[in-house]
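As written in TrEMBL, here are the features:
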DOMAIN    A:18-374  domain 'Aminoacyl-transfer RNA synthetases class-II family profile'
BINDING   A:Asp111, A:Leu112, A:Thr113, A:Arg138, A:Gln154, A:Asp158, A:Arg307, A:Tyr311, A:Tyr312  L-histidine binding site
COILED    A:371-398  coiled coil
Amino acid sequence: MVSSAPSFPPQIEEEVGKLLKLKAQLGPDESKQKFVLKTPKGTRDYSPRQMAVREKVFDVIIRCFKRHGAEVIDTPVFELKETLTGKYGEDSKLIYDLKDQGGELLSLRYDLTVPFARYLAMNKLTNIKRYHIAKVYRRDNPAMTRGRYREFYQCDFDIAGNFDPMIPDAECLKIMCEILSSLQIGDFLVKVNDRRILDGMFAICGVSDSKFRTICSSVDKLDKVSWEEVKNEMVGEKGLAPEVADRIGDYVQQHGGVSLVEQLLQDPKLSQNKQALEGLGDLKLLFEYLTLFGIDDKISFDLSLARGLDYYTGVIYEAVLLQTPAQAGEEPLGVGSVAAGGRYDGLVGMFDPKGRKVPCVGLSIGVERIFSIVEQRLEALEEKVRTTETQVLVASAQKKLLEERLKLVSELWDAGIKAELLYKKNPKLLNQLQYCEEAGIPLVAIIGEQELKDGVIKLRSVTSREEVNVRREDLVEEIKRRTGQPLRIC
Amino acid sequence: MAERAALEELVKLQGERVRGLKQQKASAELIEEEVGKLLKLKAQLGPDESKQKFVLKTPKGTRDYSPRQMAVREKVFDVIIRCFKRHGAEVIDTPVFELKETLTGKYGEDSKLIYDLKDQGGELLSLRYDLTVPFARYLAMNKLTNIKRYHIAKVYRRDNPAMTRGRYREFYQLTMTIAGHVRKEIPSALCIDSLQVNDRRILDGMFAICGVSDSKFRTICSSVDKLDKVSWEEVKNEMAVLLQTPAQAGEEPLGVGSVAAGGRYDGLVGMFDPKGRKVPCVGLSIGVERIFSIVEQRLEALEEKVRTTETQVLVASAQKKLLEERLKLVSELWDAGIKAELLYKKNPKLLNQLQYCEEAGIPLVAIIGEQELKDGVIKLRSVTSREEVREEDLKTGQNRDFNFYYGYFIDYYWQKWPDTTPFSYKALGA
């Protein structure tokens, strides 16, 4: 800033100099020194409302993982820097490092897959089916990825082990479909491809080995831009011969079901490539299993699916929401994936001193996107999101009834009922009812002088305003009945 | 290669020489000279390639949670959170790191234990040291004055292991704040309105988990009540003494981490508020790690089996070439919400499938067999009793009825054999 300041006439500069000297004598401005009230760039707090949404989403996801017999693990938020080195290619520059404070060099985890591979190698495990839900950290450049967080949740599910082909892979896809269906965030499609098919296809089209990766990332853009643009990038920017680009174009613009797999198995050029044949054979088997799982109508074999990460060795997949015309007032979130994954057989071997391989296949749910979609939908539906689960407020109709309120709320808590009371000795009934409406509490148990004498409590429905007198000793049962709670405590 | 081996041998011998000299307490100069020689030799050797690759460990002071440890953790959190929900407390979450300036000046001497992030050209950041300061930052940022909120998350401290043996550098904390109303006539101390009597119940649940008996609990409450008459220091000391629970045989005594309220807490929020507004609070921090180890210890003592999955039934095949049927059946069970698994093998042996169930604690196995397929039935077998509970006449054609019927039986037998559920609450002292 200083370098770009305009120069003032000498007299002004002199007086400014005096001002700065005086200020320096004053010392640092104590009041301004305290802090800037904000979270770090790219991170955010979760308010109770956001936590309620998050909890619902995690609940659906975790229930699905458990339904498939997955165990759960957790790992530290940071790893030894060397554990993460060399695993993420170009993206390595986005890793958060910890300051060298004289001990080990550490970095915040970038994903949950590498820690998983480290966990397997460290514990010498040869098979496990696990899920892991935790935050990961990436120093994304906000100019490029507007709205992207630097701290965000990932939900990973992986099956590690040497098994008969494609059965675990099929289960991963089944899980992905179950979760996306249960979340009710709209129609979706799962694109499937195979690393070996991609590599084989590039080879027979005439792409040199050294250009594989960069051509791959161009092809990956086909879901966002047109083929002409992709071709221009490959030929114009990446130096690919136009005929080669055309040959690639013939393949990558295709997508379909198992019939496309069979068609390609007959393709004269592709069938000459060993790698591609392997990939196609596995995909054919995969489709058979997916049909038995009843999800073949949600799967599309898409030759343009390339996916970023280097460590995939076989099948790769990505789930996208099918864009519905924007509902009234809703901003379309755009096309983007909500879940992805694939097979990565070589990663654990990178951690094992003897290079022992443990084949893995897994998936990752992009929950942050799902949080915003669910929040948006709730707002559109004007559905109230409760941040507590309180079932009944214990209220008093007149003054000097605090003791009775305390006794009653305590009984309710001991019976496992979720209850609250206002933190006032003599609250007005109206305020107590208003509290219920704001918090979404469905019932209010009103203690009144007359009712006390009669040995009853007035139980009132907040929404319908209907009241009924309930005998004190029957109150717990009545509340449980109305809130659909089972009679045992836990 | 031979050269290197010879060099390595020299290094080893020189190393032994240095060690010997140190043991004999030889003169400092002599030791220095020999160490110098050793370092020179090592430098010639160059970096040891084979040692460079695989340091398979978590960072010092941190650990993974295995499925078994997660099962314990999940249960403990379940009890705690259910208690909070019962009392209508809300939950928040904050980022794992804060702006360095947010944490500066809040921890006194302990500040040197904060993990800083490397300056990579952006904001200066540090990992949170506790949940109290982020909490206060959150309250001030959202201008809240009336809350009942809790926060459970991991915090980070670069503890010196020599001083705090066995202490983790990454560990869970639970913090809770209840904001009270200040009684105007006693401004100097945290005044607790009668409301606090009830917020105690939130503490109730946590103390119960800590194993604090009812009578002790009431004493604690009364000391909290004294707050408007005595100094916070006295109350804190009293609470610390009261909360020392007698350890069961072989257990480490559990102490409550820090009960931070009154003075420090009030001031804390005030430091964050631009207008210096003070929000009197009662805050409580509990180190949950201790609770984890106590529960784990008790589980071991009770010799209770801890299941790490909740799978209810394994779909198995009795002969070869039945993979298709297994896939179809397991898929139907999943669609009906039943927790089911199958082995990832085309032709697994029945014995292996049964063994898998025993190891994982799966109570039921649904066996598909060639003959049964023809007859339209599935064999449902209890893994522990080995009885065939029933041969169900289930026609796979009528999917809806099949799922409902089948699911009913899964649930029915699930309840009949409670020892097959994930571990009981006994270990939690409930």
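For all residues, glycine too, the Cβ spot is worked out from N, Cα and C.
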Cβ neighbour count within 10 Å of A:Asp111 (L-histidine binding site): 18
Per-residue Cβ crowding (10 Å cut-off), top of binding-site residues A:Thr113, A:Gln154: A:Thr113
Confidence summary (mean pLDDT) of the domain 'Aminoacyl-transfer RNA synthetases class-II family profile' (A:18-374): 88
Per-residue Cβ crowding (10 Å cut-off), top of binding-site residues A:Arg307, A:Tyr312: A:Tyr312
A:Gln154 (L-histidine binding site) in three-state DSSP notation: strand
Farthest-apart CA atoms of A:Asp111, A:Leu112, A:Thr113, A:Arg138, A:Gln154, A:Asp158, A:Arg307, A:Tyr311, A:Tyr312, residues recorded for L-histidine, distance in Å: 22
Mapped DSSP class for A:Tyr312 (L-histidine binding site), helix or strand or coil: coil
